[in-house]
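Engineer: One structure, pasted below without further comment.
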Amino acid sequence: MSQTTTNPHVAVLAFPFSTHAAPLLAVVRRLAAAAPHAVFSFFSTSQSNASIFHDSMHTMQCNIKSYDISDGVPEGYVFAGRPQEDIELFTRAAPESFRQGMVMAVAETGRPVSCLVADAFIWFAADMAAEMGLAWLPFWTAGPNSLSTHVYIDEIREKIGVSGIQGREDELLNFIPGMSKVRFRDLQEGIVFGNLNSLFSRMLHRMGQVLPKATAVFINSFEELDDSLTNDLKSKLKTYLNIGPFNLITPPPVVPNTTGCLQWLKERKPTSVVYISFGTVTTPPPAEVVALSEALEASRVPFIWSLRDKARVHLPEGFLEKTRGYGMVVPWAPQAEVLAHEAVGAFVTHCGWNSLWESVAGGVPLICRPFFGDQRLNGRMVEDVLEIGVRIEGGVFTKSGLMSCFDQILSQEKGKKLRENLRALRETADRAVGPKGSSTENFITLVDLVSKPKDV
């Protein structure tokens, strides 16, 4: 039976890999502030919780508490090095781990769980919510384009087949509303190519099938980004709530900058600097690190390159010395602040969803080199739909290809046009998160669903 309570207790089930848990916690913090009478129990692994709660504990609302659950790795287990091995171990143990965590939270708070909020990857939360008679509110951390491919996964497989796309890579996904410029090659692994039988692929397949059953799906985007996608997803899902972009609502906290990046930028001309970063997960293959280095050296564009220390071994001999006068290679950079600086004129990126919106916030055109997952879809959207950046020709870094991108964005009329499009997009996004904007109204709806549970 469904449950209504004046003392809401929201169980939040996180996916503790990549950058999934942090944006979910960001939403929970907003919800906790908007519904101070509710209690939010946040469940993730100890490693994940330590990384996302540590820096914000002094400002964390008192109605949020984290609970550590098992990572599913048996004691003494030796990893075999299989792709997504850690995800598989976690996923197998997760249903029972989350249940045990909720029992503990109920005992501590004295409140029964009244609502399940979960990362969409935790698809079995649908079954748990049904068993408990609760609303299930999955959070999609990426964009509406990738969400659509999962919701339509069975139709896509029926149309394209699952025996590979060789020779059909550039055919268009024009049978899915809002996806007419997407090519087969842009799809994520696990949709029609890759190991479709892996536990991770099967998990995402099942997720796409059950999302239409959710009480509401909420997402870090805004309705006006793509009317076609928005309207179609509204027709496929019970309730579809765009509540972002998050970085325009709650700017990331200012963190101490020990690398000197921001001071260095003060000495550079407007829109002259190339910023390079591929997120917290990805490093380009060694040959592409070399190609990027050669392009920077030959073009002599000022640059800041956020490169992990362990990847420095792939830099060409003498590169750091030769570029010292106009470039910085640092192990980490305050990305949002760097992209917001007027000196930055281009962003070489993997095209992750969060990085994309930090670039939009700063008005910086993107040079996209996608690697996996939704990144290819995002790159296509950046170049062909939104027209706020370019993709690397051929999909891999080459010296000549990069130099051409630098020239287009920093020196040619195209760069000016991209920046104009970015300004217009930023203005539209700002309206969405404004007092009467669509994202603001949708967030009010989400608060109502979370704090005043109704029939599921």
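One is the number of the first residue shown, and numbering goes on along the chain from there.
Just so it is clear, glycine is given a Cβ too, placed from its N, Cα and C backbone atoms.
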Engineer: Among Thr45, Thr280, Thr283, which residue does Swiss-Prot annotate as binding UDP-alpha-D-glucose together with Thr19, Thr141, Ser306, Trp332, Ala333, His350, Trp353, Asn354, Ser355, Glu358, Asp374, Gln375?
Structural biologist: Thr280
Engineer: Which one, from the binding-site residues Gln188, Thr280, Ser306, Gln375, has the smallest tally of other C-beta atoms lying within 10 Å of its C-beta?
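Structural biologist: Least crowded of the binding-site residues Gln188, Thr280, Ser306, Gln375, by Cβ count within 10 Å, is Thr280.
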Engineer: Any idea what DSSP makes of Ser306 (UDP binding site), helix, strand or coil?
Structural biologist: strand
Engineer: Enter the number of other CB atoms within 10 angstroms of the CB of Ser18 (quercetin binding site).
Structural biologist: 15
Engineer: For Asp119 (active site, charge relay), which DSSP three-state class applies?
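Structural biologist: Going by the DSSP assignment, Asp119 (active site, charge relay) falls within a strand, counted as strand.
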Engineer: Taking the residues Thr19, Thr141, Thr280, Ser306, Trp332, Ala333, His350, Trp353, Asn354, Ser355, Glu358, Asp374, Gln375, which the record names as binding UDP-alpha-D-glucose, find the longest CA to CA distance and state it in Å to the nearest whole number.
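Structural biologist: 24 Å is the greatest Cα spacing among the residues binding UDP-alpha-D-glucose.
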Engineer: Quick check on the binding-site residues Thr19, Gln84, Asn354: which one has the highest count of other Cβ atoms within 10 Å of its Cβ?
Structural biologist: Asn354
Engineer: I'd like the Cβ neighbour count for His350 (UDP-alpha-D-glucose binding site), meaning other Cβ atoms within 10 Å of its Cβ, all protein chains included.
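Structural biologist: For His350 (UDP-alpha-D-glucose binding site), the count of other Cβ atoms within 10 Å is 22.
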